[in-house]
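Step one of this worksheet: look at the structure below.
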Amino acid sequence: MTVGEVPGSKSITARALFLAACADGTTVLRRPLWSDDTEGFATALSTLGYSVDRAPDRCVVEGSPQGPPAGGAEVYCRDAGTAARFLPTLGALGHGTFRFDGSAQLRRRPIGPLTGALRALGVDVRHDEQEGHLPVTVTGAGLSGGALTLDASLSSQFLTGLLLAGPLTEKGLTVTVTDLVSVPYVEMTLAMMRRFGNDVTWSGDTFHVPPQPYRAAEYAIEPDASTASYFLAAAALTGRTVTVPGLGADALQGDVRFAKVLQEMGADVRLRTDSVTVTGPERLSGITVNMRDISDTMPTLAAIAPFADGPVRIEDVYNTRVKECDRLDACATNLARLGVRVETGRDWIQIWPGTPRAAEIDCRGDHRIAMSFSVTGLRTPGLTLDDPGCVRKTFPEFHEVLGALLRDWAAEDVS
Ligand SMILES: O=C(O)C1=C[C@@H](OP(=O)(O)O)[C@@H](O)[C@H](O)C1
Ligand SMILES: C=C(OP(=O)(O)O)C(=O)O
């Protein structure tokens, strides 16, 4: 069964919008994601004075290499970590006072390493309420650049925000990281900067970004690999076959490696250059896996783990505690509600085989908890979600697409 409706990558759409805004000329993005996060990102760019023309299957952006055309703005980042961690650097490149705020959920998430880095570069940054959190006011006067040290152990997005802005600084930017999570997202940033004409050098812990204009581009956005994980997990759990076209071994997104995790658990996985197919085994096997690089798929694995024939242990995912919610705690609490044995530590979770019973999932407003446990629901009659709508952050049509897949499977069984 082919899932043709996996929408565009959130992370690629956000970077492409940023790069388009910084480029000299007009950029056309093909098949961007339109969801709460990326609509918020595009709206934020409009608020910053950029011309952004949105259509369902494309987006046209007029770049402004001098920084935001607006001489000041109030930018609302909604729930989006990408907007909160990328856009303040645009404010710093601009001229005027730029205030960034977000939802209560986003305000709880850390931003201090990024604002500390901007201060180290001489930018006037003020946390308006709580140090290290939104709302934040950036008084931009252009960025001269220079060298700084960054702790990216809680989020790689701090580094991406700085790298993306680096080419538009006067002297360029040198960033040395003391720790770094989610490395594939940084590789994605560098690959996309390259497509827009900039070459970052990365050696050991240090990234050097030369001052260099970005060139506008025509850019096609891949389907979202984290979103695909729910459909691949659904196949793995039910013994069915799912193919996601447009996403394969050549993908920019590290989360495509989730298919390899399913393979290690016994699924039959075909990872071609531009598609991935998963066929579920009779029974998944238990596994111990380090998900530091692909931690957005930790809840997907946790949600199918009870159906494996042995314990599933997921390690090195501390920073999932500072995502849309504390995801280690949310997974553990919800699995326990389903009657499944589970234990967590600072940066790990272990789940034992069990037979989940009917319960309501406490989504905590987190799209990934809602989508992951919807997959558990495929083998748990009576499982419900307290907040199904929270999927709007990255995939507003999730429940409809999953429902259509189930109807196709039922039709297959009849014929
Ligand atoms: O740069 C990005 O687009 C992202 C990086 C990751 O965050 P962290 O670096 O905070 O782990 C990921 O979880 C998030 O969904 C998107
Ligand atoms: C962590 C996530 O989002 P962000 O950090 O971009 O808000 C996510 O989508 O799982």
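Keep in mind that glycine also has a Cβ here, set from the backbone N, Cα and C atoms.
As annotated by TrEMBL, active site, proton acceptor applies to Asp296. Annotated 3-phosphoshikimate binding site per TrEMBL: Lys10, Ser11, Arg15, Ser155, Ser156, Gln157, Ser182, Asp296, Asn319, Lys323, in sequence order. Annotation source TrEMBL lists phosphoenolpyruvate binding site at Lys10, Gly81, Arg109, Gln157, Arg327, Arg368, Lys393. According to TrEMBL, the domain 'Enolpyruvate transferase' annotation covers 5-402.
Known features from TrEMBL, placed on the structure.
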residue	record	Cβ within 10 Å
Lys10	3-phosphoshikimate binding site	28
Arg15	3-phosphoshikimate binding site	28
Gly81	phosphoenolpyruvate binding site	22
Arg109	phosphoenolpyruvate binding site	22
Ser156	3-phosphoshikimate binding site	24
Ser182	3-phosphoshikimate binding site	23
Asp296	active site, proton acceptor	26
Asn319	3-phosphoshikimate binding site	20
Arg327	phosphoenolpyruvate binding site	25
Lys393	phosphoenolpyruvate binding site	24
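Distance from the CA of Asp296 (active site, proton acceptor) to the CA of Gln157 (phosphoenolpyruvate binding site) is 13 Å. The binding-site residues recorded for this entry are Gly81, Arg368, Lys393, and the Cα of Gly81 lies nearest to that of Ser182 (3-phosphoshikimate binding site).
Relative to Asp296 (active site, proton acceptor), the binding-site residues Arg15, Gly81, Ser156 all have Cα atoms farther than 10 Å away. Cβ neighbour count for Arg368 (phosphoenolpyruvate binding site) (all protein chains, 10 Å cutoff from its Cβ): 29. Taking the Cα atom of each, Gly81 (phosphoenolpyruvate binding site) and Arg15 (3-phosphoshikimate binding site) are about 12 angstrom apart.
Candidate recorded positions: Ser156, Gln157, Ser182, Asp296, Lys393. Those with a Cβ under 6 Å from ligand 1, in sequence order, are Ser156, Gln157, Ser182, Asp296. The Cβ neighbour count for Gln157 (phosphoenolpyruvate binding site), using a 10 Å radius over every protein chain in view, is 27.
Of all the binding-site residues in the record (Lys10, Ser156, Asn319), the one with the smallest CA separation from Lys393 (phosphoenolpyruvate binding site) is Lys10.
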